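A.B. asks: So Swiss-Prot has the following annotated:
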ACT_SITE  His96  active site, electrophile
ACT_SITE  Glu169  active site, proton acceptor
BINDING   Gly175, Ser212  substrate binding site
Amino acid sequence: MTKFWIGTSWKMNKTLAEARLFAEALKAADAGRSPDIQRFVIPPFTAVREVKEILSGTSVKVGAQNMHWADQGTWTGEISPLMLKDCNLDIVELGHSERREHFGETNETVGLKVEAAVRHGLIPLICIGETLEDCESGRAAAVLEEEVRGALSKLSEAQKQAEILFAYEPVWAIGENGIPASADYADARQAEIIAVAQSVLARRVPCLYGGSVNPGNCEELIACPHIDGLFIGRSAWNVEGYLDILARCATKVQAN
């Protein structure tokens, strides 16, 4: 059975002590996990090693929020894929809209990072999404296609067989003031993303939805045919919130 991916990125939040408390509580709840759901957490760099160590006896995957494409070199302030592997990480989040808006991330650099992640055995979680302006001007589908193709553009034919994830996060739906996309809208966009990715990879890859996911909409979202998981923000920064959404989704998945 195909698993649903449900996880959270903490962005620039949580001290090491807070990260440990979250990971320990998640580990304590491990006995109640659903076999249908693949859980993951993406802490800040300062906490990845400790969180991975605490969760090492569970099925929870742990990732990083970004990385450079080079293995090493004169890239002050950057983190390399080798460093992430040295921390025993599983996933790396790439191309988030905040990185694109504030730090000069482009489709080209995302493509370089995706190739480096695959080469080093990391699962790239590729974030894509249109702005409100794109949406209102009718360019959403074109923007998403450009981002998907750019992210996959550096992969060799062999690398195209690697495990790859997409996360659709409409820019207007994320953040504290984000407006959640309707389940129908999200599902339609994700169908387009999956189709474009399949045209490049010759297979279907999972596409998660992220954008103001919360306990009130998670069940409707996870029931959509083209939503293969949820990438949760602030609703899951508290471990009780994450466990609540996991439980709601597990019940919905089992009912289907």
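Cβ from N, Cα, C; glycine included.
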A.B. asks: Using Cα coordinates, what distance in whole Å links Glu169 (active site, proton acceptor) and His96 (active site, electrophile)?
C.D. replies: 8
A.B. asks: Distance between Gly175 (substrate binding site) and the residue listed as 'active site, electrophile' at the Cα atoms, whole Å?
C.D. replies: 12
A.B. asks: Where among the recorded positions Glu169, Gly175, Ser212 do you find the Cβ with the fewest other Cβ atoms within 10 Å?
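C.D. replies: Fewest other Cβ atoms within 10 Å, among the recorded positions Glu169, Gly175, Ser212, is found for Gly175.
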A.B. asks: Compute the C-alpha separation of His96 (active site, electrophile) from Ser212 (substrate binding site), stating it in Å without decimals.
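C.D. replies: Just about 15 Å between their Cα atoms.
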A.B. asks: Just counting, how many other CB atoms are there within 10 A of the CB of His96 (active site, electrophile)?
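C.D. replies: Its Cβ has 27 other Cβ atoms within 10 Å.
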